[in-house]
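The next block holds one structure in the form of structure tokens; read it before the comments.
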């Protein structure tokens, strides 16, 4: 280890502390802040981001990165991640960064109006500007990093996987879905329709149940809070997790499954290697890895027959009514229901990847200049029809539904499906290594699964990229067959 | 205006944004944070403070300050305040700043134990170190600024008033109190003892009442929140106020008067000149000025006969019981009760200055080297006996009761009594300018008073120092006769 590397560690710790402050202010803005605080909060966050950028791109950083040496299983990747973060930041001219901040913010504001009016033309000029700048950013990053332009954007969210690797995975999934979806629908149609649980579900009791279930997953409320926000998320820092959810009196599943999902994210953050806190290698491995942790808790574990059996009893205790309503088949009939829909965030786990595949193809075409923004609505509708056989009635339910592109987030969408696939692969490996997992889930005990994840995933930090992390945990890189096997078992039998 | 001045404005805005982030994180730590987040929060706050210090003391700041020119009623004092902030920061060597941070933090932690054990010896060595460093800081500031050492510390909390001005003011108050306190006690003894209000007071109803009353003072909850913390305070930023209070089921006055007090602080922040937001001249004029605003609301307005008449009706509606209990005489008998006590924060407004005078004299002697830390307990007990004729049974109720010195805050205490005196002076001037104030208070309406304060005090920002602000608002510098006249009218008739 060198003095240069030590200086870099101190600098990156400072940058990480600014990130922690930003994370807290972001949580506050969503869960606590009165509306009149919004303008100042935007300026506070921009100032912190600007200071972090200045720290990352200061002239002496380049010198220290050139001089530094570090070896070993953690310091070597830590230094490599420092170099990558610096290279990404240094590749972007300040004028471009500022232009993107302005364009993204303006487009996002207009997008809210356009979505409400279901009028793509309203946002089109601003989205064109966003896409123009994203292409510029992708080109600058690509040149500096030696990547394809779209891969350079994707790397900003998940390191260690390329579009070239994704393409055949997604093509194979499309083929699988073409057969599997009609079969699943037919099987579902032959079964009894779900009988709704007896609501309304008082918010106080939902809150207590959500908290108790997140504690079962392992969340320690000496290091966490659970609050409410319009769009649920997991924020905060590894020692101070801030979960949010949204309680609907008519639908207990919304908050319940939402909190279990966010608790999966939370446990990843809690389990990151404390010895490497505030260093690049001590962070999570990326957004796809993060999504694998929320989905392994929510989709793999908590929607399993084993856990639904336990959960039904808890729900009956909390909300009463006919015990038969809380049977595994009735809960499964409503919480594992498949169907063709327009909206990604409402999709079931079988059709969700179709929404992601559509967006992956479109955003890649936009960045590579093969698709014009003006042609996006038609391409969207055609693509969705090709994947799911349905056509949105308007653009609000089509290409205007997601905030991502309008806020300048290109290359993020694949993370959702990579996470779902990784969750299935990790669950299979965990069951192999810890055969007691399902019996424990039936008793509402998550420890065998979470203990395995802590060792194999959480505790690895960002030491490994996506494919290498899967290799380390499961013995193989991404293998979508584990995901389709999971779907076959759950929906096609 | 010059380019150098424009650069300075941008820099100070950035520093202010870091301060806003610190303020929010401080509020969060007190009102929201789970205990496990404390260690990381300390590091986050230290990083933000360090970055702000770096921005303030960067080499180019000195050059710009030397080159900048600015004229006019706002820009000129703004530049002067920038120069003062820079001079104060630049006067302190980094090693001293770091040593103080460590010593203060260590002493404060030990002080908690020492106070619990009522054992001054436990904290003495650490307090000696704190005092040694404070003397060093005072000397460095005094040399750089051309002030007396104690004044240099006091200026860090309130600009525009000196110990030489305070000394005769405090001596006169001591003389006044020697006569007034026995008289007030005698008058009080002749009156009926207060009959307690019928508790318990459910927290939900207290919360609703506190919120409604703060809205009456003028607080707009589109720009504010009211939460709970162990030690109530007013935090946040001018467009996003964060009030806290502490609800005691047995005593409604605690939260009620506390929230009214903090709302006075809040309205000061809300009324600061928005055009100068995030510039030194757009901040509050200092801690004494701030305390004058909390005390004019709590002590001058809300404990007046006029407002108590209104408040009694509100309390009866909220908590029920015999209406006679809510009469002005009975409310006044409990909420305007005088007495000799050991604890500053529990003191009434007549004896409170005695506690401050004691501390002012002791801390000045400590800083000037006329008193050794080892002699502090004896000097405290002797001083309190001289002022109030009572002697604390132990140091927990004596020189260990306040956190201030043990946390490195020397020169702060005078602000409390300067604020109380200024509040009386401002109230008298406001009544002169707006004769409708008391009739409005009797209807629970604060607008006439608050409107006057907004113009005369809040809207002035930090344009004027303490004495000049009073001159501007009332036509004269600090005149303690207005305070003693207020006390005579309230307690000696």
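Placed from the backbone N, Cα and C atoms, the Cβ positions cover glycine too.
The active site, proton donor/acceptor annotation in TrEMBL covers A:262. What TrEMBL records for A:261, A:265, A:291 is Zn(2+) binding site.
Positions of the features from TrEMBL, shown on the structure.
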| residue | record | CB count, 10 Å |
| --- | --- | --- |
| A:261 | Zn(2+) binding site | 23 |
| A:262 | active site, proton donor/acceptor | 26 |
| A:265 | Zn(2+) binding site | 22 |
| A:291 | Zn(2+) binding site | 24 |
Give the distance between the Cα atoms of residue A:262 (active site, proton donor/acceptor) and residue A:291 (Zn(2+) binding site), rounded to the nearest whole Å.
-> 9
Can you check what DSSP calls residue A:262 (active site, proton donor/acceptor), collapsed to helix, strand or coil?
-> helix
Once DSSP output is merged into helix, strand and coil, residue A:291 (Zn(2+) binding site) belongs to helix
Give the sequence-ordered set of same-chain residues, not counting A:261, A:265, A:291, with Cβ within 8 Å of the centre of the Cβ atoms defining the Zn(2+) site.
-> A:234, A:262, A:264, A:290, A:293, A:294, A:295, A:297, A:298, A:419
